[in-house]
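What follows is a short report on a single structure.
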Amino acid sequence: MYFYINSLLLIVSINGWKHWNILNSSICVNEKTNQTIIQPGLITFNFHDYNETRVYQIPKCLFGYTFVSNLFDSVNFDESFDQYKHRITRFFNPSTEKAVKIYAQKFQTNIKPVSHTKTITVSFLPLFYEKDVYFANVSEIRKLYYNQYICTLSNGLTDYLFPITERCVMRHYNYLNTVFMLALTPSFFIISVETGMDDVVFIFGNVSRIFFKAPFRKSSFIYRQTVSDDLLLITKKTTIERFYPFLKIDFLDDIWKQNYDISFLIAKFNKLATVYIMEGFCGKPVNKDTFHLMFLFGLTHFLYSTRGDGLLPLLEILNTHQSIITMGRFLEKCFKMTKSHLLYPEMEKLQNFQLVDYSYITSDLTIPISAKLAFLSLADGRIVTVPQNKWKEIENNIETLYEKHKLFTNLTQPERANLFLLSEIGNSLVFQEKIKRKIHVLLASLCNPLEMYFWTHMLDNVMDIETMFSPCATATRKDLTQRVVNNILSYKNLDAYTNKVMNTLSVYRKKRLDMFKSISCVSNEQAAFLTLPNITYTISSKYILAGTSFSVTSTVISTTIIITVVPLNSTCTPTNYKYSVKNIKPIYNISSHDCVFCESLVVEYDDIDGIIQFVYIMDDKQLLKLIDPDTNFIDVNPRTHYLLFLRNGSVFEITALDLKSSQVSIMLVLLYLIIIIIVLFGIYHVFRLF
């Protein structure tokens, strides 16, 4: 009967006393009276304590509500005393285990209070502007979409908690044999680690509306306390001892010691994530850092969607949201988790491509706003309508980066972050064939040995998921195997970094090539895929695909290079045999007035090491400049060779003799012109004599 009253008091505490009245109550001394107080329509509760009895009478109709029935259903009335005792003693009590820690922070904020700023509406979004800077209210634009009204926890927690009735959004992330459940509410968030037998649950925030069943008290589960929040840890003693002993000692203590605002949490997550990637933990069993990353992911979304009331510049809002989305992309890539989006409807209004310009976000034209908005829209899983002029901006973005770095200069961190967004856009596009093919072929061309050296040196200091990106991690460079990478790095005595590089490539590189119909069936093959506008070149060490093939003969026996050409919309047919074979012919003349060499590729390869690099050629002038001796691109080395891939599927060999002949022919043309001018000048003077 104690459980009934416990449940009743819980109902009262949730809904208030407004509609709940105890009609009759009395106290009497035992054996002093025999008066009967039973009445129809009332439930009588008698509580005996030594020589005193307390009697409560409550209307039966109060127990007809569904949620009341659910509360009573959550109580086990068949539990024996031994079971009850075992239930009490088996849980992990942070206070008795000396695991409780209390922190006092001085919270600060850079959020601008709402003042007498001017207002304007852009894309149905109310904005404020002051001194040409546009602001939005973070409490509005960061509202999370809560799609459920009751958050249901795993079965193991029914021993401790009554059902939680809160608006919430719940997501499940499957990782190997572990399920991470994240439930976000306006007051707190819950993250549980479920392995089938040994579950761990964290609850963080304002936990005043979470009710524990007797004899448990909330204070028994407090694991961390800050100025404004409590962190509850609910699990068994044996679970901590057998699987997660680190929870007794340390759990993100550096977070609680700081002002855990959004920017700090994002930076902490990125630092942990980059180390996690390089150390090869992705796809491995759950460890301490896995706990940290999943908790930080939930904590960041919780604080992002519930804390702060004031104004922030639109660009800062956009960049922060981009970082939040990137955290989710990391989980998808590293933990192989299925996409499970948390939706922010007001943020979608900011992702508007229909406006002429983005001056309300920033007047800095070097910031790739179109790429940012496309990344966010595609990451949300939405089908977006992007005008052609915006796609052109994105295309110009990747072309500008390529033009700057095609002759092997080091990429800056902002440029790497930009390329990360472009790569994600290229991986996510279903339609827009032209732009996604352009993105992938230029990324593939930006990957060369020098970029690999620069990137490897940078990995020691990288602390950000986006700036950690290299174009060598594009989905179409599956030819970069452990052996190839080790060979490249060994030339600079960097082969000790091979594992770090391969760990990073395996996370960033999209596994499937389903965005390209003609090569989707060979996603697992070790090959390079070069996506020109209407055809795709595949370079591999064996026959893998039905198409027109070219075999490179100027390599040693141990090195094989097979080039296969497939049309844009052809059906992907894997094969181990020759399908249609052509010979590679030398090219004798590279001059053209019809842009024959536009949108082509120059491929450098070595007799022993195989493919070295690709260079995308936008027009004939670029090709002439590339093979000019002054650019030092052409290496006069008997082991090094060059091929020219044209956009029509033709493959030619560029030889040193051809280059010299081309240069000589140009000199001869100039010489002929000079001779003709001299002859004409002489004829002119002869005619003047008559």
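Backbone N, Cα and C define each Cβ position, glycine as well.
Per Swiss-Prot, these features apply:
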type: CARBOHYD; residues: Asn24; note: N-linked glycosylation site
type: CARBOHYD; residues: Asn34; note: N-linked glycosylation site
type: CARBOHYD; residues: Asn51; note: N-linked glycosylation site
type: CARBOHYD; residues: Asn137; note: N-linked glycosylation site
type: CARBOHYD; residues: Asn206; note: N-linked glycosylation site
type: CARBOHYD; residues: Asn410; note: N-linked glycosylation site
type: CARBOHYD; residues: Asn534; note: N-linked glycosylation site
type: CARBOHYD; residues: Asn569; note: N-linked glycosylation site
type: CARBOHYD; residues: Asn589; note: N-linked glycosylation site
type: CARBOHYD; residues: Asn648; note: N-linked glycosylation site
type: REGION; residues: 174-234; note: region 'Interaction with gL'
type: SIGNAL; residues: 1-16; note: signal peptide
type: TOPO_DOM; residues: 17-667; note: topological domain 'Virion surface'
Sort the glycosylation sites Asn51, Asn206, Asn410, Asn569, Asn648 by C-alpha distance from Asn137 (N-linked glycosylation site) and give me just the closest. Asn206
Given a separation of at least six residues and a C-beta threshold under 8 Å, show me what packs close to Asn206 (N-linked glycosylation site) in the same chain. Ser187, Phe188, Ser228, Asp229, Asp230
Pick from Asn137, Asn410, Asn569: which of these glycosylation sites has the biggest number of other Cβ atoms within 10 Å of its Cβ? Asn137
Which one is closest to Asn648 (N-linked glycosylation site) in space, judged by CA to CA distance, out of the glycosylation sites Asn410, Asn534, Asn569? Asn534
Other CB atoms within 10 A, centred on Asn648 (N-linked glycosylation site): 12
Between Asn534 (N-linked glycosylation site) and Asn51 (N-linked glycosylation site), how far is it from one CA atom to the other, in Å? 94
Fewest neighbouring Cβ atoms within 10 Å: which of the glycosylation sites Asn51, Asn534? Asn51
Using Cα coordinates, what distance in whole Å links Asn569 (N-linked glycosylation site) and Asn410 (N-linked glycosylation site)? 36
What Cα-Cα separation, expressed in whole Å, is found between Asn410 (N-linked glycosylation site) and Asn51 (N-linked glycosylation site)? 87
DSSP says what for the region 'Interaction with gL' (174-234): how many helix, strand, coil residues? 4 helix, 32 strand, 25 coil
